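Per TrEMBL, the feature repeat 'PPR' maps to 157-191, 192-222, 228-258, 264-298, 299-334, 335-369, 370-404.
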Amino acid sequence: MSQAAMAGKKFSSYHLAAALRREPDPAAALRLFLNPTTSTTPSPAPFLYSLRCYDLIISKLASARLFPAMESILSRLAADSSSGPRLRPREQLLCRVVSAYGRARLPAAARRAFAHPAFPGPRTARALNALLHALLACRAPLRDLLAVCGEARIAPDACTYNILMRAAAASGSLEHTRHLFDEMLYRGIAPTVVTFGTVVAALCDAGQLEDAFEVKEMMVRRYDVSPNAYVYASLMKGLCEKGDVDAAARLKEEMVGNAELVLDSAVYATLVRALFRLGRKGEVVGLLEEMKGRGIVADRVVYNAMIAGFCEDERDPSAAFAVLDDMQKSACKADTVTYNTLVNGLCKLGQWRDAAELVEDMPRRGCPPDVVSFRMLFDGMCAAGEFLEADQVFNEMVFKGFAPSKDGVRKFVQGIEREGNAALLESVLCRLAKVNALESSGWEKAISGVLNDPTKLMLDKQLDSVRIAGVPTRCCELQFDRMFATGEFLEATQVLNETVFKGLVFSPSKGGARKLVQGIEREGDAALLQLVLCCQLA
């Protein structure tokens with residue numbers, strides 16, 4: 001029943017919940033929630049929202065990432081909850097809110113939501129795990145996750161340890177992964193197939209394949225937990241990286257013999273990539289035929305593995321483009337990984353013009369280039385010594401808010417310096433600063449006189465942002481020395497004053513402060529001299 005049909009009748013929280021459930025637009029749902037009554041005669045009593053109404057609107061706003069509106073509703077729920085036990089939201093809703101912040105890569109907001117007063121009562125391991133998973137999605141370090149566990153004082157479960165072990169494995173710390181596994185067993189918490197999968201993957205990444213296979217046997221023999229496809233995939237990947245593709249193929253056959261395991265395209269993609277690396281591309285056709293015979297359709301993962309093989313191992317971009325054509329004929333949409341592999345392969349062969357054409361054509365192909373696309377093209381042009389062309393790509397990157405890699409910036413600046421193009425160097429340093437990609441050495445070049453006219457960089461106006469970004473005060477010191485050397489005593493004093501005000505450790509060159517004081521004394525500016533002395537005393 002529509003809201004209009006309810007005119008003249010009592011519109012209850014039941015009707016509001018039904019209307020919210022039907023409304024697909026979160027903004028419209030919010031308006032409906034805030035203005036639920038349709039009667040033209042205002043009711044003396046406030047509208048009584050049910051917990052279901054709050055649950056629906058908060059879930060919709062969280063999914064749509066309308067976080068300011070969601071926080072407003074949460075505050076309203078907290079106020080309503082304090083008036084009595086009628087509105088006590090379930091922990092499931094808290095988990096949804098925390099997870100939404102995790103998907104949006106907002107770790108601080110996720111931690112605030114975990115402690116939000118709208119969700120009274122003690123938290124359980126379920127809510128803790130939702131927060132840990134959100135922080136892991138935000139790439140928070142293991143120490144942050146362990147700190148959260150310590151502060152929450154909630155008894156961990158198997159899922160808690162699985163998340164912590166994933167964080168340890170992601171940091172490359174096999175020692176912490178093993179320690180958490182041992183601690184889990186010490187607490188009497190039974191490991192799950194996810195636990196073993198994480199341990200096996202960490203061991204394979206560390207190149208400890210023998211230990212990984214021992215864990216695979218132990219999980220069946222001691223804990224009666226059967227390895228899943230993820231465990232097999234990790235072992236196969238580890239074997240392929242060691243060049244033992246035949247052993248990986250035997251593991252694939254072991255999977256085929258297990259009715260509970262589903263053989264997917266990712267397994268075949270791993271083998272395809274390994275065959276290319278070993279120079280056995282002739283066996284790829286047979287592998288694809290086997291895959292087809294088992295009813296597994298070659299998807300993007302398999303095609304990308306073949307394209308990577310032709311680009312990186314065979315150094316044959318023409319064959320890689322032929323695979324791309326087959327991919328499109330099979331109605332399999334290429335993604336940025338596909339095109340970036342091609343761009344990188346072309347650049348490594350010195351074919352940066354072809355790579356530039358491909359990047360330019362990517363939007364027409366339905367896949368706009370990302371920051372990786374531009375970085376690969378930029379690096380390829382720098383490697384070829386085409387710095388003017390690279391500068392055009394850099395311009396487009398700045399326009400899109402992309403920054404080159406640190407290695408790319410270093411090669412770019414060094415190449416321009418070797419060519420002696422001071423005007424271009426000045427322009428490049430200024431644009432690098434705009435996307436916060438200028439390292440301290442670049443700032444020192446800009447200020448210490450490498451450029452024709454460093455004042456064009458307008459460093460005075462950029463000092464605040466530079467300091468906040470963490471650029472060493474050496475840059476400020478160089479600017480300070482330059483100013484008093486040219487008799488700009490007032491400007492030098494401003495730099496000194498601002499730096500001290502910001503609490504930075506500021507050390508002009510030997511004799512710099514003395515020359516500044518002597519210069520101001522000669523000019524007879526007593527007020528300015530007093531300001532400088534105050535700065536020095538500070």
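Even glycines carry a Cβ here, placed using N, Cα and C.
The model shown is predicted, which means the values in this text are computed figures rather than measured ones.
If one looks beyond the repeat 'PPR' (299-334) by at least 6 residues along the same chain, the residues whose Cβ comes under 8 Å of a Cβ in the stretch are 265-266, 268-270, 272-273, 275-277, 279, 281, 284, 288, 291, 341-342, 344-346, 348-349, 351, 354, 365-367. Long-range contacts of the repeat 'PPR' (264-298) within the same chain, counting only residues at least 6 positions beyond its ends with a Cβ under 8 Å from a Cβ of the stretch, are 229, 232-233, 236-237, 240-241, 243, 245, 248-249, 252, 255-256, 304-306, 308-310, 312-314, 330, 332. Beyond the repeat 'PPR' (228-258), the same-chain residues lying 6 or more positions past its ends with a Cβ under 8 Å from any Cβ of the stretch are 193, 196-197, 200-201, 203-205, 207, 209, 212-213, 216, 219, 264, 266-267, 270-271, 273-275, 277-278, 280, 294.
Across the range of the repeat 'PPR' (192-222), the DSSP-based residue counts are 26 helix, 0 strand, 5 coil. With DSSP classes pooled into helix, strand and coil, the tally for the repeat 'PPR' (157-191) is 26 helix, 0 strand, 9 coil.
The average per-residue pLDDT of the prediction over the repeat 'PPR' (157-191) is 96, rounded to a whole number.
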